[in-house]
Amino acid sequence: MITKETMFFINVRHNYMLAPFNASRISSKTVLFTFIPQEHLSESALKEALGGDAVVARIWMAKDCEKLTEKVEERDTDAMKLENAEIKLIKAANDRRLKWEKKWAKAEKKGKPKPARKNVDTEAGLVSEWMKKTDRPSHRLGKIPLIGKKVDTIDWSRNELQKLIPEIEKEQETVVGQNGTSLPAAFVEFRSQFEANYAFQRFSAKNPTKLDPRAIAVKPQEVIWKNLKIKKTQRKMRVIATATFLTAMIIFWSIPVAVVGAISNINYLTEKVPFLSFINDIPSVILGVVTGLLPSVALSILMALVPIVCRWMAKLSGEVTTPAVELKCQNWYFAFQVIQVFLVTTFSSGAAAVVSEIIENPSSATTLLAQSLPKASNFFISYIIVQGLGIAAGNLINVGALVMLTVGGKFLDKSPRKMYNRYITLAGLGWGSLYPKFACLGVIAISYSCIAPLVLGFATIGFAIVYLAVRYNMFFVLSNDVDTRGSSYAKALQQLMVGVYISEICLLGLFAINTTIGPIVLMGVFIFLTAVYHAVMRHALKPLTMYLPRSTDGDDQVALFETPSNNTHEYTKSALPPTQSESRGEDAKKSKKAAILGKLFDPRKFKSHARAKKFVTSHEELPSYEEAVESQAYLDPAITSPPQILWIVRDEMGISQHEVEATRGVIPISDELSTFNEKGKVVWNQDTVLQAPIWEKRIDY
């Protein structure tokens, strides 16, 4: 089943990659090379090593932009500080105006004269009429709070931006003009998707050019730019250090979990540990909250920290793209799930079921263990159902997002920029933390399929519930921030083999307990055959899950299974199928052998590329790029980052327009499409998303 699904995945993935809308993207034709030797650290030398102008379309050499990045971050921080200060100033004046208008309205309603305002400069105009010097935001310089010179935030930010922006623009021009320091990394755009895939497969550490292809089809926003400067020896040391840390974390994570669990049984602790007896003096209400709610919250936080730590370690290890980070996180988080969630629980559940009987009758230990080990499956039947219902309910209700959107937004979003970003931004999918949870459930079901087949029925129900909920969220609620191009799914499929091995080893152990020689030998043979089959299929299928295969002459793309019966056709470099007659001939001879494999392994419903192609949309428009966008696609964001457009709130007093005039000479600023309502709250027109000053057109690289 795993092999069938992997082959179906390969068919769908190849069709997606060959689809014209995907094959035409810049990212599909671009390969990231790292650890480039000094002799190839120029565009001309690198292009020559890769095949010349006939193969290479464009090269972006990675530049050392560490200092420039710091300045750009400082510029953006000062810009946001200026924007927030402007909004704070305008809001303070608007609140004062509303306050006095209410007083005047009350006086007018009672027939009394309007109360006069004191210390108002009526000749200064509306801009100064509602403002005081104390309204102007201020802050102290220096990194230590409450220490340092106090300055006017608006004036200080303008002056800083007036100095920073020209400096940054000058440095950006210098780096673009080939005067920047080159890093041993480059993004190479090839003439076609097939040339890129061929180069990605062909170049390795053993080839004469010593080029290391690290990623293909990666989008610019998925690059971890600061990791491009990590040297090869440094990366090896980082990989060893992070792997050691994560291994220790997975093994010893049960210690903090045990501490949290001990809190829930506080009465037992106070009996066994006398110096903790003071806990009994705590009021029962508080003690009930501590022993009931605190352990659950603490355990949830502990479990939520695991994928965060795994991602952090993956970045520290030197991965240069976010998809690679997600894949490494998936590996480690899956190991954590299998060891801590499955194996530790299985051992404790199975042992707990028989320990009292073994103490009473030690001679029956082997028989009792063989009979009672499957009792751990009762826990996992409940676990799978609870996980299915919990994940489904959590995904559909989505309480956290609902609270942040309705309640959190009202208290946290005080500027039109924050409101706009919250409105247009969808939560992203973390493949590295999503798949391991489901893969672990699959491993549990497969592991117990032989000794407790009832688990499979409940697993089917649990997965069906999860499927409906996750499918809905993927279509309508969540966005795909990190595109692994199906690699996470392929990895999750292979991780299910862990369940097969555990199941077979478990059966071997049960037979060994009962000292049955025949079944022991058979299970040993089955485990060996499973390992051989797994190794052979991995060797055959892994390249197909990573690359686009090529025909023997290196010129055409061929389908995984070619059979005349299913009319599977080849794809050419243009990503379009040839005529029916061209697919006949010598290929029909090869198809007889392939047909046998196709019947055995390929799902009947999806025998060919032609049928799998139905799962790939054909209605998307081909991407088109402006010359400026294309030429700057894989430059460091610090090189191409322009000053942000400030977005402040328009008011009836004219203060915002005055601030716009005073600031636009320094940095772009606008007060359009945002104003105050009758209660003095900041609002923006949600019907004009595309007209918002900070709207940016999405580019599908």
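Positions of Cβ are set from backbone N, Cα and C atoms, glycine also.
Just so it is clear, the model here is predicted, and its values are computed rather than measured.
Sequence annotations record features per position, and here TrEMBL assigns domain 'CSC1/OSCA1-like cytosolic' to 28-227.
Annotation comment: TrEMBL describes 239-264 (among others) as transmembrane segment.
Taken from TrEMBL, the feature domain 'CSC1/OSCA1-like 7TM region' applies to 239-511. Along the domain 'CSC1/OSCA1-like 7TM region' (239-511), the predicted structure has mean pLDDT 80.
Annotation comment: TrEMBL describes 284-310 (among others) as transmembrane segment.
For 331-359 (among others), the entry in TrEMBL reads transmembrane segment.
With a cut-off of 8 Å between Cβ atoms, the residues of this chain six or more beyond the transmembrane segment (379-405) that come close are 345-346, 349, 422, 427, 437, 441, 444-445, 448, 454-455, 458-459, 461-466, 468-470, 472-473, 477. Residues annotated as transmembrane segment in TrEMBL: 379-405 (among others).
The transmembrane segment feature in TrEMBL is assigned to 426-448 (among others).
Annotated transmembrane segment per TrEMBL: 454-472 (among others), in sequence order.
Taken from TrEMBL, the feature transmembrane segment covers 492-511 (among others). Using a Cβ-Cβ cut-off under 8 Å and counting only residues 6 or more beyond its ends in the same chain, the transmembrane segment (492-511) has close neighbours at 2, 5-6, 9, 330, 334, 338, 370, 373, 435-436, 438-439, 442-451, 519-520, 523-524, 526-527, 530-531, 534, 538.
According to TrEMBL, the feature transmembrane segment maps to 517-536 (among others). Residues 497, 500-501, 504-505, 507-508, 511 of the same chain sit 6 or more residues outside the transmembrane segment (517-536) yet have a Cβ under 8 Å from a Cβ within it.
The region 'Disordered' annotation in TrEMBL covers 568-588.
Taken from TrEMBL, the feature domain '10TM putative phosphate transporter extracellular tail' applies to 601-686.
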Spatial neighbours of the transmembrane segment (454-472) far in sequence, C-beta under 8 Å, 6+ residues away: 377, 380-381, 384-385, 387-389, 391-393, 395-396, 438, 441-442, 444-445, 448
